[in-house]
Every structure is written in C-alpha cells, then in structure tokens.
Amino acid sequence: MSELSGSAPPARAAAGRRARPEGASCRGARTASARSMRGSARAVGTGSASGRGAAARRERGRNCRPSAAPEPPFPAMGLLSDPVRRRALARLVLRLNAPLCVLSYVAGIAWFLALAFPPLTQRTYMSENAMGSTMVEEQFAGGDRARGLARDFAAQRRKSGALPVAWLERTMRSVGLEVYTQSFSRRLPFPDETHERYMVSGTNVYGILRAPRAASTESLVLTVPCGPDSTNSQAVGLLLALAAHFRGQIYWAKDIIFLVTEQDLLGTEAWLEAYHDVNVTGMQSSPLQGRAGAIQAAVALELSSDVVTSLDVAVEGLNGQLPNLDLLNLFQTFCQKGGLLCTLQGKLQPQDWTSVDRPLQGLQTLLLMVLQQASGRPHGPHGLFLRYRVEALTIRGINSFRQYKYDLVAVGKALEGVFRKLNHLLERLHQSFFFYLLPALSRFVSIGLYMPAAGFLLLVLGLKALELWMQLHEAGVGPEELGGASGPSPPVLPAQSIGLASLVAPLLISQVMGLALYILPVLGQHVATQHFPVAEAEAVVLTLLAIYAAGLALPHSTQRVVSARAPDRGWMALKLVALIYLALQLACITLTNFSLGFLLAATMAPAAALTTPFGPRPLYAALLVLTSPAATLLGSLFLWRELQEAPLSLAEGWQLFLAALAQGVLEHHTYGALLFPFLALGLYPCWLLFWNLLFWK
C-alpha cells in the first residue's frame, strides 16, 4: 500500500501535465522566463530595459511556438457542396414544388384583391409643405364672360370649319397675353378610321402671361384640346375668362401658358416637342417663337356643357406613367372646399370604408384603373406631358342626371385655387408617390403594398425554373424520389444528355416571328390593299392576325430544322429558358407599369408552369391559347366594359378588339407607346416557346 500510495502522486502529476492545455504550458514558460530574466538582471545589475524586454520576447517565442489545430472528427462541408445534403435538398424542393406554386399563385391573387380594403389602402395626404393648406381666397367671377366667349368660339368654328386661329389671337391679345401660333403636320403610318384622318395638319395657339414678381424661369400650363369630334367650346371660354382674371393679379411668381391645341393629342405632342426642342415621333412643326420657363405642372380641361354635375379626373399617362400624387390631392382638396363632386374612372368615391360594400366598390374602381394603365395609352393630353417630367392632370366635366349642378364659376374657382397653390412651389413636385393605385380619390395603395402581389405570381415561374434546373443537374434524383408525385413523369437521364444546340432553332424562329409581327403589318399594307379589297387600316389588322396565327405552325417548322437525334431532355432545357425569359420580361415591365405586368403574370404564369410535352396535350393547348397575349387583350376589353356597366356582345367585343389592335399600332408610331413592341418583340416570341414545347418530340 505504501508503494502504491507513493507512486500514485507522480502518475497523477504526469497525467495532469499531459492533459494540461498548451496555453497553460505557455503561460508557465513565460512565468519561468520572466523569473529567470529578473534574477539575471539582479545578478548583473546592468542592462537597459529594452534589452531585458527583447530577451523576454525571444524566450517566449522559443517556448510558445504555434501548434497545428486539431482536426475535427468529421470534415466540414456546406449544404450545396455535400452530395448527400444536396440530393436531400433537391428531393425536398421537387416534392414541395407543386404545392408551393399553387400557394404562391393563390396568395398573389388574394393579395391583389385585398388592396381595396382598409388594412392595405391608406388615406391620401399632402406631402408638399407649400401646398398643405387651401387658405386662398378664390375671386373668379367670370362665369357670364366664359359663356359668352364659348358661344363666340363655337360660332367662329362653325363658320370657318376649323380652329378659329385669328379669333383666338385677337381675343388673347385683348386680355393682355403674348400670343404665338405654331403650325404642324403629320402623315400617319396608315389611316386612322376612328377619327377619319390620314394627312393631319393644324395650328396651335398659345398665350403667355408673364410673371410680374419673378423672372421667366418657371411656368404652369392650362391647355384645352380641340379635336374633330368635340369642339370643347365651354373649356375654351373658361380658359379665356381665367386668362383675363389672372392678368389682373399681381401675385404670380411663375409664367402661365394658356394653350389651345388642334387635332387632339397630335397638336399637344407637336407643341411639347417644339417647346423642348426634340423630335421623337417624326412630327413636322414650325419652331416656337415664344417660350416661358421650365414647365412645373399642367392641367388639361375638357368641358361638354355650361353646367356640370361632377368633375372626372384622369391620371393614366403614356406607357402607364402617373403624375405625382400631391397634384391629385391638391385638386381634390379644392373640389371639396368648393363643394364640387369629384369622381375617378366615372365612379363616386365611397365615404364609409367600414362596411364591406364600400371596399368592393373601391375594388371596381381599382380594376378600372389597372385596365386603363395596362393599355399604355395616354388617357388625355396630360399623358403626353408626363413624358417630359411635367406633372399633369386631365379634368373632364360630366353633365349627367344628378340633382346638383355647378356652373363655370365653381369650376373656375377650383382651377384658380389649384394654380395659386402651384404658384407657391419652390421646386418640382417630388415628395409624394409616383407609383400608386387608386381605389378612390381619398384612398391610395403605395408601391410597397401592391408589389408583393406581382412578386407572388413571379415566384411561380421561379419555383418551376428551380425544379427544372435541379432535374437537369441532379442525375441521381429519379421519379421514385419525388415523394410519390402524381402524373406522368419523364425519365431522368444524366445531365450530359442535354443538347443546347436543339434550342437554337426554337429560339431563333420565335424571335423571327416576333420581328415579322412588328414590321410586316405596316410595311405590307399597300401590297395587301393591291391584292385584296380592304382598306389600309383593315390590311394592317388582318396582317397582324395572319402572322399571329402563323406562329401556331412553329412546331412543324422547328421539327424540320432540329435533328432527329435531339436529346429527350431538350424540352426541359427549352422550358427552363422560356421560364427565365418570361420571368425577366414580366419583372422588368412590372417595375414601370405594374398593371400590365400583373395582368400578364396572372394569365400566363399558370399555363407556363403546367405546359409539358406529356399529359393532356389538348387541355394544355387550350390553356395556352386562352392565356395568349391576344386572348388576354380580348378578355380585358370585355372586363373593362363590364366594370363600366356597359357589357358587350360577342360581335361588339370582336369589333372593339380589332379597333384596339389598330389603335395600338397607330399610337406606337404616333406617340411612342411601348405596348405593341413589347408584345410583338418580347412576349409573343416567349409564348411561342411554350407552344413549341407543348408539341416537342
């Protein structure tokens, strides 16, 4: 026992030394080194502090050399670098892909429908401090003068058969304005049967009220369009009466331009191009002899009678652009101050949002705005001002069978208040929203609240593309690993069997068809009129439909080009490319025109996700045809008229569809609308890829 007790302490000491961490031994070595250095210093009694420090550091370096880090028991591997974990992740994604796609699509539609309800819609408010109050005293009382000028203008127009330029010049000079004219002409790419014009020419008349309190560096515009269909006489009379009233005031700090344009939007576009010294549409016009400052804001006025029951506001501009929300809030505030009834999309705004019926009415107004914005058309002269970064609105006077009616004095006071508040601006309108949706004039939905609806729909395309990518790159994942997914599944082959060369023919032919759809209708209209008894506009529309239908023969043309030894999994690679192509197009267009992107994503995403060469091919073909761009346009026209409570019959809907095709091509070449080139050069070729995929052999 004594031997055991005597040997046990050394054994435990040795085990402790072996188990002692290296840091402890290093600390012990440093302590011993320090003691030895202090002893040496006392023995010698000489040496500097720096010498002692250097010696101590050398001693610590010898005793504390770094040792290799201990190896972990298992190698560290990432989630995607480990083949086992990567295969497990692929099985999970493939198993849950279909439920996630359905859930994402339903969430996107539900989110959009919920935008009109109070949790997502907000009350409008004024962001610009200079326009935060309506404490101005409107003094306009020239209602009788406006009516008299309107009668004189209508009489002069009936007498001359065109815009009475000389009478307008004489009247504007009589109220103290600097008056100038501008002549313009434009040859349309094909006759406009809606307005019955081909060679268009006209004259714009404008007068400038110089600001007495500032230099001519900034200006405001009040414009009245005069077209061949509507004379707009009351609006011209009110414009001249307001010019006479504004001329007698001394508080103006901005120039005010009173503009009367001929030929509707063509005259407005000609004047704007000449004012900004650009030519983007091929308009031929004379240069402007007089200019004011940089245009800060503009208001377009359209009146059909001496009395109105409501004022309807149009905000949708060219290519879906919208004015700053503060300008709309300003006009609504002055309408409320004067007791004027203001509408949006021809609909009265709900007052009580606590009940269910009011948000449903707001949803109807929201859908109308989405359809109007998705068309990309300028719904008034203001839509062309927005291209030049000028905030603008179009105000239309409505005379219906409502009980309360308002004369031109009430409308003039509202416009006077708006211009007086705009006169206070020190900078351009920028603090409020430029991207929004309006379920009512007093409610809005900001971009941060409506973008998730489109994001959920685009997520469907992303999930389906991820599934195809994993199927193409995971050779070990077979149909038995998909969690028992129902439906026919293609055999999973090694990734090396993917032949990208087989994708060149479908991509190339699809883009060629889109290019032909964009170029040939306008270029070939004269050839069509020589060989067929149709007019130019009809030839353009029929050529559009013929090329569009010819794309249905794309699979047969592709099969002649593609080699017979094309890989079996080539359709998966083609669908992956088509999904990415479609998702990128819809994502880009949604950022600038949410309404167009959402409508196309809501219709095309399900068909794009479901289409395969296997399964019920007739059902997939019918789904693709019903969700094609042309079918989406036709369905949108029926929905638009249904929401306006003016439903269409099938024959009326088809005629309206043909007219919409002609107007879309015409507005692209006349004003620069981008809907037609986007559909022809981008979306239609992408849809043809899915059509080719359906008939892949």
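In case you wondered, yes, glycine gets a Cβ from its N, Cα and C as well.
According to TrEMBL, the feature compositional bias 'Low complexity' maps to 1-54.
Among the features that TrEMBL reports, region 'Disordered' is placed at 1-73.
Feature annotation from TrEMBL assigns transmembrane segment to 96-117 (among others).
The annotation transmembrane segment is assigned in TrEMBL to 433-461 (among others).
According to TrEMBL, the feature transmembrane segment maps to 498-519 (among others).
Feature annotation from TrEMBL assigns transmembrane segment to 539-555 (among others). Outside the transmembrane segment (539-555), and at least 6 residues removed from its termini, the chain residues within Cβ reach (under 8 Å) are 190, 506, 509-510, 513, 516-517, 520-522, 524-525, 528-529, 532, 630, 658, 661-662, 665, 684, 688, 691-692, 694-696.
The transmembrane segment annotation in TrEMBL covers 576-599 (among others). Counting same-chain residues at least six beyond the ends of the transmembrane segment (576-599), those with a Cβ under 8 angstroms from any Cβ of the stretch are 112, 319-320, 369-374, 376, 435, 437, 447, 450-451, 453-454, 457-458, 461-462, 464-465, 468-469, 472, 503, 507, 608-609, 632, 636, 675, 678, 682-683, 686, 689-690, 693.
Sequence-distant contacts of the transmembrane segment (619-640) (same chain, at least 6 residues past either end, Cβ-Cβ under 8 Å): 367-368, 371-372, 374, 548, 599-600, 603-604, 606-607, 610-612, 647-648, 653, 656-657, 660-661, 679, 683-684, 687, 690-691, 694. Residues or ranges marked as transmembrane segment by TrEMBL: 619-640 (among others).
The transmembrane segment annotation in TrEMBL covers 647-666 (among others).
Under the heading transmembrane segment, TrEMBL lists 672-695 (among others).
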| field | Candidate ranges 433-461, 647-666, 672-695 - greatest C-beta contact count to the transmembrane segment (96-117) (under 8 angstroms) | value | 433-461
